[in-house]
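Encoded as structure tokens, the structure appears first; notes follow it.
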Amino acid sequence: KKGEKVAVAASGGKDSTVLAYILKLLNDRHDYGLDLVLLSIDEGITGYRDDSLETVKQNRDDYQIPLKILSYDELYGWTMDRIVEQIGRKNNCTFCGVFRRQALDRGAKLLQVDSIATGHNADDIAETVLMNILRGDTARLGRCTAIRTGSGEDTIARVKPLKYTYEKEIVMYAHYKKLVYFSTECVFAPNAYRGHARAFLKDLERVRPSVIMDIIHSGEQLKFKETVKKPERGTCGRCGFVSSQQPCKACILLEGLNRGLPKLGIGKKSKGDRMRAKQDQELALRERANLVKNDF
């Protein structure tokens with residue numbers, strides 16, 4: 001809507017660069033009256049994010065759009081490099097994905113924007129549909145194909161303008177317009193679960209070229225039985241941001257890191273509760289032993 005403030009989630013990659021360019025172009029050409037701002041998240045990945053942010057800064061200068069950068073370090077007191085040192089490379093994408101989603105919400109709230117525009121393309125969304133099916137995640141499966149999500153009173157809407165645009169079309173457009181973007185893959189990406197869905201999708205595309213749009217349309221038409229339990233989305237009692245559980249996933253993961261239990265938020269909640277209780281018991285025994293020692 002005219003007069004709305006929109007944050008473009010900018011990573012410096014081809015998708016967000018093309019999205020920022022097009023939104024700026026159309027906003028100026030058709031007088032949409034949007035107040036655009038670039039919002040970037042610095043996860044603290046040496047040799048990757050520090051370089052890509054230089055591209056984002058160039059986008060800021062080229063498109064004359066203000067830029068706000070928020071880092072995991074200032075938001076959570078951790079960088080992804082330090083997190084990987086603690087947990088290894090097996091579940092690092094879980095931490096990064098959860099923290100990044102919330103970091104965008106935190107940045108959007110700080111900037112007081114009406115919505116966040118992300119550069120998810122058709123390939124990304126088809127991959128997400130497959131991932132949610134493989135994980136049996138009906139809650140995310142029900143909303144992952146929506147072009148606009150989270151427009152409630154307590155949430156900031158997210159929009160995906162490139163939803164029906166193929167990745168190859170974005171690459172060709174960026175090349176045709178000679179746009180500057182960062183193309184290096186994240187150093188931790190080879191271990192991501194998404195990579196399996198992407199490889200499977202590419203194999204399917206060789207025998208059925210329309211498979212990406214087919215999967216998206218299938219996801220759009222999915223209906224779930226009334227008996228399927230859907231988590232209620234509310235706000236986290238600790239941080240106050242959107243969550244379907246108490247406390248939210250970001251707070252649990254952060255608690256695990258701060259307590260020296262990096263696997264606290266990985267897996268089922270009951271497992272995390274047992275880990276937390278065990279550590280509390282060990283601390284209590286240690287304190288009791290120190291008291292006895294001091295008495296003598």
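Using N, Cα and C of the backbone, Cβ positions are placed for all residues, glycine too.
What TrEMBL says about a protein is an automatic prediction, not a curated fact.
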Residue among Ile41, Ile45, Ile87 sharing the ATP site, where TrEMBL lists Ala9, Ala10, Ser11, Asp15, Gly119, Asp124 as binders:
Ile41
Pairwise Cα distance maximum in Å, ATP-binding residues per record: Ala9, Ala10, Ser11, Asp15, Ile41, Gly119, Asp124:
19
Number of Cβ atoms other than its own within 10 Å, given for Ile41 (ATP binding site):
25
